[in-house]
Amino acid sequence: MNKVTLHTLSTFKQAGEKFTVLTAYDACFAHVVSEAGVEVILVGDSLGMVLQGQDSTLPVTMDDMIYHTASVAKGNQGAMIMADMPFMSYATPEQTMKNAALLMQAGAHIIKIEGDAWLSESVSLLSERGIPTCVHMGLTPQAVNKLGGYKVQGRDRGSAKQMIEDAVRLEEAGASILLLECVPSLLAEEVTQAVDIPVIGIGAGVSTDAQVLVLHDMLGITPGRSPKFVKNFMEDAADIPSAIQNYVAAVKQGSFPGPEHSFE
Ligand code: KIV
Ligand code: NA
């Protein structure tokens, strides 16, 4: 695959062509995922659950994220590498600069932080210094204790309107990508239309510019009950590379996610 850049992704958005994001945490899977045509590899702090067996993402450290980002960078074949900044590693703008730099030096091409308009200052400082940002909005798992559980966000008109305003504000501050988790499909569509930067969705319906899933979820090996937005792509595939290729094809065609994976 040719090297994927922010320019590639905005060309997709302008052309109305969907792109695909998938998590990976090690060199071997980074190789398989990028070879299957996934444009963006997310080194997610979901590794707290998936690799470490924690019950939330809160225990994940900067050292964990640096280690896994460096591993992914070794195996990657041209995808864009997005690295999550872990819980409380971006509480102040100064801390954000320092920790974002460490992830970029480990091999990330863009960093992701969770929140809304309060991140504007950090987003603009990072952007001025040459570090692109993805802002993760809606259900932000690092705030699970404040949110009172893993619940759909933006269900009432007030919070929906606020989310659209915040998205526009973050774009103005210099955010390069937005990610919406667990928001009603219609709201995700409105946010996607309100900004020129690409919007990635998970549990956000089919209208966003891209989709993301946790690798182990879509391979059907995460223990316990899966969230509604997950589809097991191993059910119709002979091997892991084919399952990932089928995911890429389904996203490009708009056949995933279906209404059964979305919130109305
Ligand atoms: O950590 C992660 O895997 C994520 C995705 C679920 C969006 O943030
Ligand atoms: Na995450």
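Each Cβ is built from the backbone N, Cα and C atoms, and glycine gets one as well.
Annotation source TrEMBL lists active site, proton acceptor at E181. Around the Cβ of E181 (active site, proton acceptor), a 10 Å sphere holds 23 further Cβ atoms from the protein chains shown. In the three-state DSSP assignment, the secondary structure recorded for E181 (active site, proton acceptor) is strand.
Counting only same-chain residues at least 6 apart in sequence, those with a Cβ under 8 Å from the Cβ of D45 (3-methyl-2-oxobutanoate binding site) are T57, V60, M65, D84, P86, F87, P141, Q142. The DSSP secondary structure for D45 (3-methyl-2-oxobutanoate binding site) is coil. Sequence annotations record features per position, and here TrEMBL assigns 3-methyl-2-oxobutanoate binding site to D45, S46, D84, K112.
Sequence annotations record features per position, and here TrEMBL assigns Mg(2+) binding site to D45, D84, E114. Secondary structure at E114 (Mg(2+) binding site), taken from DSSP and collapsed to helix, strand or coil, is strand.
Over all protein chains present, the Cβ of D84 (3-methyl-2-oxobutanoate binding site) has 30 other Cβ atoms lying within 10 Å. Cβ neighbours within 10 Å of S46 (3-methyl-2-oxobutanoate binding site), excluding its own Cβ and spanning all shown chains: 21. In this structure, the binding-site residues that sit close to ligand 1, with a C-beta under 6 angstroms from any of its atoms, are D45, S46, D84, chosen from D45, S46, D84, K112, E114. On its own chain, K112 (3-methyl-2-oxobutanoate binding site) has L42, M82, A83, D84, M85, T133, C134, V135, H136, L179 as residues at least 6 apart in sequence with a Cβ closer than 8 Å to its own Cβ.
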